[in-house]
Amino acid sequence: MLVLGLETSCDETAAAVVEDGRRVLSDVVSTQVDIHRRWGGVVPELASRNHIVQVMPVLHEALTRAGKTLDDIDLLAVTSGPGLIGALLVGLQVAKGLSLATGKPFVGANHLEGHLLAIRLLEDAPAPPFLGLVVSGGHTSLYEVRDYGNYRLVGRTRDDAAGEAYDKTARILGLPYPGGQPIDELAQKGDPEAIRFPRALPGDNFDVSFSGLKTSVLHHIQKHGVPEGQALHDLCASFQEAVADVLSKKLVAAARRLGHTQLVLCGGVAANSRLRALCKERAEERGLRMFLPPVRLCTDNGAMIAVAGYEAWRRGLRGDFRLAADPAWRME
Ligand code: KG4
Ligand code: ZN
């Protein structure tokens, strides 16, 4: 079954052709970061307008690179939530339009389920049940994946998402948006123990909190000024260590308590070098298996939506022309 996945929920216009939910034939991502960077974050109206400009060329490119035409496609999968309403509507309307014009079926896919199921594109993918931590710009949520389509939320952030903490910290440091990658790169040459930032591990549960960490970076800068040179490397490494420490601890603790042996990290922040390394190290120390999608599949892409759409279709979900975008769609 050939699925064309389409993603426009935030600031990436992306499309991919995936065979049987497992084999990527093409994966095209057009990012808008240059447009939003000057505002320090995503401006929803600019995002929607740019999706309108990019969506058809990106779709066309995905089909061309796969060596396919619309005729070859069996199913259109489109992100219908969660995300920015105007941005979601662009992809959804395009999918409906293509469905109407070609007679091909379409299905709405959940963006977070896409992040979680991107792991299916690994050759050595885990079969459910597994524990999946989605860490992105908008979400930090821990799910028990009992089966495809059967998810239980077992922990989440009480305030900022991990990616948001990165992006806000980058802003305080005068680094470009989005802040994850620049901080990750600067941290490579820094001392993670230079500054002991607080680790918030609220209570005896699997929730996390990042607003205190962000505030402590701010206090540090108010006291010592915006760092440069080695001090900047050290601050980034120390901040990164705090984020990776908290997330990896919670993930491993949850696995042990809930009896899971397979762990998945996904979402844009799962591209982070230190978080990947520490999660792997701590999981393996306890005899747990850590599955990490390649970096390209961590940040938003169309392939993950094709996989989520394929699985939704197999469960019997069908899109109809009344399907509405749901900016707050909860997967569980
Ligand atoms: O999943 P994603 O592409 O979009 C959302 O669904 O939000 O995640 C984007 C987030 C941004 O906050 C970005 O700063 C973060 O992922 N990110 C990273 C890295 N690469 C991207 N955070 C930490 N380290 C990275 N290497
Ligand atoms: Zn995402």
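Cβ atoms are placed via backbone N, Cα and C, with glycine included.
Automatic prediction, not curation, is the source of TrEMBL annotations.
Binding site for Fe cation per TrEMBL: His111, His115, plus Asp300 from the candidate set Asp245, Asp300.
Cross-referencing Asn50, Asn272 against the substrate binding annotation in TrEMBL, which names Val134, Val135, Ser136, Gly137, Gly138, Asp167, Gly180, Asp184, picks out Asn272. For ligand 2, the nearby binding-site residues are Ser136, Asp300; that is, of Ser136, Gly138, Gly180, Asn272, Asp300, these have a C-beta under 6 Å from one of its atoms. Contacts of Ser136 (substrate binding site) defined by a Cβ separation under 8 A and a same-chain sequence distance of 6+ are given as His115, Ala161, Ala162, Gly163, Gly267, Gly268, Val269, in order along the sequence.
Highlighted here are the binding-site residues (Val134, Gly138, Gly180, Asn272) whose C-beta falls below 6 Å from ligand 1: Gly138, Gly180, Asn272, in sequence order. Long-range Cβ proximity for Asp300 (Fe cation binding site), meaning a same-chain Cβ under 8 A and a gap of 6 or more residues, is found for Glu7, Ser9, Cys10, Asp11, Glu12, Ala14, Val29, His111, Gly268. By the criterion of other Cβ atoms within 10 Å of the residue's own Cβ, the least surrounded of the binding-site residues Gly138, Gly180 is Gly138. According to its DSSP assignment, Ser136 (substrate binding site) is coil. The number of other CB atoms found within 10 A of the CB of His111 (Fe cation binding site), across every protein chain shown, is 27.
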